[in-house]
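See structure below.
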Amino acid sequence: MYPHETPAMRLSLLLLVAAAAALSAPAAAQMPPIIVPPPVIVGGGQQPQVPPVGIQQPAQPAAGAPGALSPEFYSQSCPRAERIIAEVMQSKQMANPTTAAGVLRVFFHDCFVSGCDASVLIASTQFEKSEHDAEINHSLPGDAFDAVVRVKLALELECPGVVSCADILALASRVLVTMTGGPRYPISLGRRDSLSSSPTAPDVELPHANYTVDHLIQLFTAKGFTVQELVALSGAHTLGFSHCKEFADRLYSFRDKGGKPEAFDPTMNPSLAKGLQAVCKDYLKDPTIAAFNDIMTPGKFDNMYFVNLERGLGLLSTDEELFLDPRTKPLVERYAANSTAFFDDFGRAMEKLSEYGVKTGAQGEVRRRCDAYNHGPVMPK
Ligand code: HEM
């Protein structure tokens, strides 16, 4: 038996692996359908303002000083924005509990590539590819995009042309983290949406599951994030799942650093490794097979991800490596032992992430729909 492992734990591991397999996320590349938003309770007898068909609504002037974010940014122009986002996200999360993880990952993939500017939401067209086409973004779940579509439609009814898609992603991520048990952290508002979306940048700018800790530290520090913030933010893997291809090299034909073949990556808990070998055996035929990132409490935002790493229960090699590298191990141990320390540091790091590379004023626009620029698709020259 693996150190720290009890028979009960071994059983729950296997059950959870099986449950994760049953979950088998739908391939995400497909764009979400346009769905009518669920009813949003309009307080004080106020009717939602519906823009007259065919007449373009002028964008409302931005609140706050140009270039500055503020928590009060929509207090005059759309005071119920945050409540609407919370209501729509809550009903989406209840209907589909994978929403929280999906939105959180989409937010990270947005912010780390050209800043938090909703560039990840732009759909590809016949004429122009977008961040959607980057290989690393193919696995972003359709449900997360669908959640944003629903919120945007509700907000456009309430206060047309006011709330940016970048702010929607920041607020939606926070509300979903809190809703699943995580901390509530401050979010300033007033981000503008991007005017471009590069199909090549995400594969360069985002971390991949086969990166070393060196590579992760390099990537994060180049963007101004500390090692501590890297570890705290990685705690987001307390939610959601990963597809087998992301960790298959730990399970099959594994070779140690000297080239010696092993049954599986010896840094992985053997029960987990064997369970995953069975679950993922057909992953090449069925690339939708997936397993929970936090196999013990997959739907709860807690510090179990770090406890898992100490027991060899990290799913991705980048996860487990955080426990093996002397630069990151003390932080993993601290967060595993102290949930409050993790929540505090995660909240601060998320606040910082949410302000990374934001666009304000003339650097961007408030999109009318999150998947397209206001000027419409770029036509061939
Ligand atoms: C530190 C480097 C990181 C690496 C190498 C990494 C890599 C990955 C990979 C490979 C997946 C599985 C995707 C799939 O198969 O569908 C994943 C999932 C996820 N990642 Fe990360 N990630 C990192 C950091 C982060 C950060 C900083 C956040 C958020 C703050 C985050 C949030 C998530 C979430 C929530 C999921 C689950 C998504 C879902 O269930 O749909 N990750 N990550």
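Our numbering is plain: 1 for the first residue shown, then up by one each step along the chain.
Cβ atoms here come from the backbone N, Cα and C positions, even for glycine.
Automatic prediction, not curation, is the source of TrEMBL annotations.
Keep in mind that what you see is a predicted model, and the values were worked out from it rather than measured.
Matching GLU131, GLU135 to the Ca(2+) 1 binding residues that TrEMBL gives (ASP110, VAL113, GLY115, ASP117, SER119) identifies GLU131. Region 'Disordered' is the annotation TrEMBL gives to one range among 47-67, 173-193, 320-340, and that range is 47-67. Annotation in TrEMBL places CYS165 in a disulphide bond whose other cysteine, of CYS280, CYS370, is CYS370.
TrEMBL lists ASP294, THR297, ASP302 as binding Ca(2+) 2, and of THR226, THR238, THR267, THR360 the one it places in that same site is THR238. When TrEMBL is consulted, the disulfide partner of CYS280, picked from CYS159, CYS244, turns out to be CYS244. Record source TrEMBL places CYS159 in a disulfide bond whose other cysteine, from CYS78, CYS111, is CYS78. Here CYS111 (disulfide bond) comes close to LEU353, SER354, TYR356, GLY357: these same-chain residues lie at least six apart in sequence, with C-beta atoms under 8 angstroms from its C-beta. Sequence-distant neighbours of HIS237 (heme b binding site): residues of the same chain at least 6 apart with a C-beta under 8 Å from its C-beta are ASN293, ASP294, TYR305, LEU315, LEU316, ASP319.
Under the DSSP three-state reduction, ASP302 (Ca(2+) 2 binding site) is assigned to coil, being neither helix nor strand. If you take the Cα of GLY115 (Ca(2+) 1 binding site) and the Cα of CYS165 (disulfide bond), they are about 13 angstrom apart, rounded to a whole number. Filtering ARG105, PRO207, THR297 by Cβ distance to ligand 1 (under 6 A) retains the following recorded positions: ARG105, PRO207.
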